[in-house]
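Working notes, structure below.
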């Protein structure tokens, strides 16, 4: 099918004529301005590709154009077609509207929040609804109705659904029926061409057995899409898959072999997304009017955040943009080589100069510091110095060692260790309680207690109500309302107070000195959580000091029972602490996104979620909870 767009086609988001880009997984055509917003959403929301300047498999291009011409856009704008919605004030942007905020807010609501998609009636069991939709998809893919299958996928049908009675997936059915376009749509939504049926046969086997040779070859290409894309990015060639599945240039050092399968798969997918971003960047820069369209807000300098991934992985994904062409090519070569090794089930070969990961990481801190322009050159110099033993090759001249990426992968585990250290701090403080009873003067403790209980402003109270993130927002940010003042006070940064008890030199101290730079040790979300936990333990220490003084007075009167001062051995499990910590992190990220997008109506609900999450975390520690209530 020709790549030339029909003249009657318009942008699906603003109705601008002659759209030059497409959103593959949404089945729509979009203009340059709307494409800049789509790219900022990330590939997990919209997979964009230029219609004329990008490489297209013919069947994939035909699938997109078929969906666009058959009205796939009505799936994503279902409620906007309702006259009642038109009267409510919601409207579709015009080509003359500004990209920010008019077009960007509409596109985010349309594709990221699915605000205009037809909603099914609420049911008690969402799993049953998803299963029913997946069964309908399993039956529909044998027909040529692409828009029906896209509608089912938009409602939540699973492309990899395994039918319990028939023992096949939707891709098996489409391959057997010879539905090439249906197979393309399913693969775009995550269907696995190598998934076996109940008898161990793959969709590729189904297509060959039914005589659909071209479809079988296309499914093989889809199965090796990741490595094919990486090889094409390096040398402009793709394997024919008849003589071999991999094209691997001369390799450099292969430290990537030390990653387990899960981390290797994550790294490969992240590099694939980065290749897609760089290729789209190249097309974007060659097709735009730089004086009018290319601005800081339309550029995508690194991979957007995917909320389904951890903060550590998102940080590592964004670091890929810092690799120059040589370093990135070396990383791709290593991935291609190790993908072939893992595919064939070969074991590790001992390198000539073995790498001791534990020793290599001892001299480095566990967490990456925030990237800055001044430390970029020094980082690259250090990486080049560490790579003195390498194969002679133009592409592999001075490859990186991936040490930086491995450090990021270790960050989450180290963060969990810090949380466990804080838990041990609480236990050790309880054990020191009896010894502190006779050494802290009651007058000093009472003075501290009176200062801690100084009346503060009344807590913010408001009835919970539904809110919409699609309400009209002005072009300029509004000032915070007075109702937000208490929350603003709660969210002020912590003052640099020394967290230690220096009554005796041998007493326990918290392992966080005042001069420690948290930005060098923690990723940003983990820093916030650890600061919250640190504040929690500071409050605990002050309250325990008061209890110590009160117990000392009673001891002087002979009314103290030794058994009453024994610490409570009950502590929450590590899984509960990690779960609550992640909840606090997600809520803070949600508030940050709302602030960056000037969604003032979301500040109070987001702040309440943070307060609720911190309260739930505090409830895990009985002594902390008791002291807070005093």
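Placed from the backbone N, Cα and C atoms, the Cβ positions cover glycine too.
Automated prediction, rather than curation, is the source of TrEMBL annotations.
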Can you check which of 412-439, 440-467, 468-495 TrEMBL lists as coiled coil? 412-439
DSSP composition of the repeat 'ANK' (166-198), residue counts helix/strand/coil, works out to 17 helix, 0 strand, 16 coil
Restricted to the domain 'Arf-GAP' (1-124), the mean pLDDT of the model is 88
DSSP says what for the domain 'Arf-GAP' (1-124): how many helix, strand, coil residues? 48 helix, 11 strand, 65 coil
